[in-house]
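Residues annotated as anthranilate 1 binding site in Swiss-Prot: GLY78, ASN109. Annotation source Swiss-Prot lists 5-phospho-alpha-D-ribose 1-diphosphate binding site at GLY78, 81-82, THR86, 88-91, 106-114, SER118. Sequence annotations record features per position, and here Swiss-Prot assigns Mg(2+) 1 binding site to SER90, GLU226 based on sequence analysis. Residues annotated as anthranilate 2 binding site in Swiss-Prot, with sequence analysis given as evidence: ARG164. As annotated by Swiss-Prot, Mg(2+) 2 binding site applies to ASP225, GLU226. Residues annotated as compositional bias 'Basic and acidic residues' in Swiss-Prot: 248-265. Taken from Swiss-Prot, the feature region 'Disordered' covers 248-271.
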Amino acid sequence: MSVLERIIRGSDLDREEARDLMCRIVGGELSDVEVAGILVALRCKGYTSEELVGFVDGMMEHAVKVDPDVERLVDTAGTGGDELDTFNASTLAGLTAAAAGVPVAKHGNRSVTSECGSADILEALGVNIEADPDTVKRCIEEVGFGFMFAPKFHPAMKNVMPVRRKLGIRTVFNVLGPLTNPARERVTGQVIGVYSENLLDLVAGALAELGVRRGLVVYGLDGVDELSVTCENEVVYVDDGEVTDRDTVAPEDVGLDRADPKDVAGADPETSAEEARKILGGELPVDHPKVQMTAFNAGAALYVGEAVDSLEKGIQRALDVLEEGRALEVLEKVVDLSS
């Protein structure tokens, strides 16, 4: 029986089977029709954490790796594909966490649903998003922040992109993006935002199986794949390779003000970059909704990076960094070093 037939019948794949299937997909061994059928069948069946881990194994076998010499390393990423067009808080949060002393390996791509994805805004800010692995390694080691542009570090994905574009639906690859950081072997902490509440436990289980030391999988209940100041947030905790807790966190619970969705709306890359400089450089007050949402996500990064022992302490440290303009200094160094 073919893998496609098994998936259609509702059978789950084990880790090795999922790895082998992904290697065949990204290795160009299957036709576009076969790949499309498998992607649609998987989505209809639903994924398991074990399947996700196997798919990660397969993708990483074909990835270009980055191996920075740091003791701890964090990634802040979302799946994209959320329901609201918010500004890119996770990217600014990564720069803020780096300014607070936690190295960040940011893995991202261009926009999925908003006007401005992580690659779009960093490019508009002057970062060379096409930097090679050695340059990214230096950025992480010397500045504390490096960006890995997904198409450059996962070149085999070119075999899948035409099918994904033609399908025009979310597939397992939307979920795999945050789990396939090219520096994965060095990543000790991760904040992953998901586009659906149904993905929380699934992704947390995969993150635990992949052995992350500390992780948070988050979903803003108004449909945001980041920690949001506009609503309650569902948060699943991963600690030492185990899913340990699940909680609902409102902005007010961690000392932040609730905002209206329009106050954290996204914009085109040029406008977003201009605003990002103000946020990172301390030009906006600490009670500004976008400053607070950046601090919310940066606080989570500091928590998973083991720089603080609570989300609240991480948020306060992030607010201090932003008020002092130190995150903008990190950005400027990354721009210089990546060019």
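Cβ atoms are placed via backbone N, Cα and C, with glycine included.
Where Swiss-Prot records a feature, it is marked here on the structure.
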residue : record                                              : Cβ within 10 Å
GLY78   : anthranilate 1 binding site                         : 29
THR86   : 5-phospho-alpha-D-ribose 1-diphosphate binding site : 27
SER90   : 5-phospho-alpha-D-ribose 1-diphosphate binding site : 29
HIS107  : 5-phospho-alpha-D-ribose 1-diphosphate binding site : 27
ASN109  : anthranilate 1 binding site                         : 19
ARG110  : 5-phospho-alpha-D-ribose 1-diphosphate binding site : 17
ARG164  : anthranilate 2 binding site                         : 17
ASP225  : Mg(2+) 2 binding site                               : 29
GLU226  : Mg(2+) 1 binding site                               : 31
Between the residue listed as 'anthranilate 2 binding site' and ARG110 (5-phospho-alpha-D-ribose 1-diphosphate binding site), what is the CA-CA distance rounded to a whole number of Å?
15
DSSP says SER90 (5-phospho-alpha-D-ribose 1-diphosphate binding site), in three-state terms, is helix
GLU226 (Mg(2+) 1 binding site) and SER90 (5-phospho-alpha-D-ribose 1-diphosphate binding site), Cα-Cα, nearest whole angstrom:
7
Out of GLY78, THR86, HIS107, ASN109, ARG110, which of these binding-site residues is nearest ASP225 (Mg(2+) 2 binding site) by C-alpha distance?
GLY78
How many Å separate the Cα atoms of THR86 (5-phospho-alpha-D-ribose 1-diphosphate binding site) and GLY78 (anthranilate 1 binding site)?
12
Could you check what DSSP calls ARG164 (anthranilate 2 binding site) once collapsed to helix, strand or coil?
helix
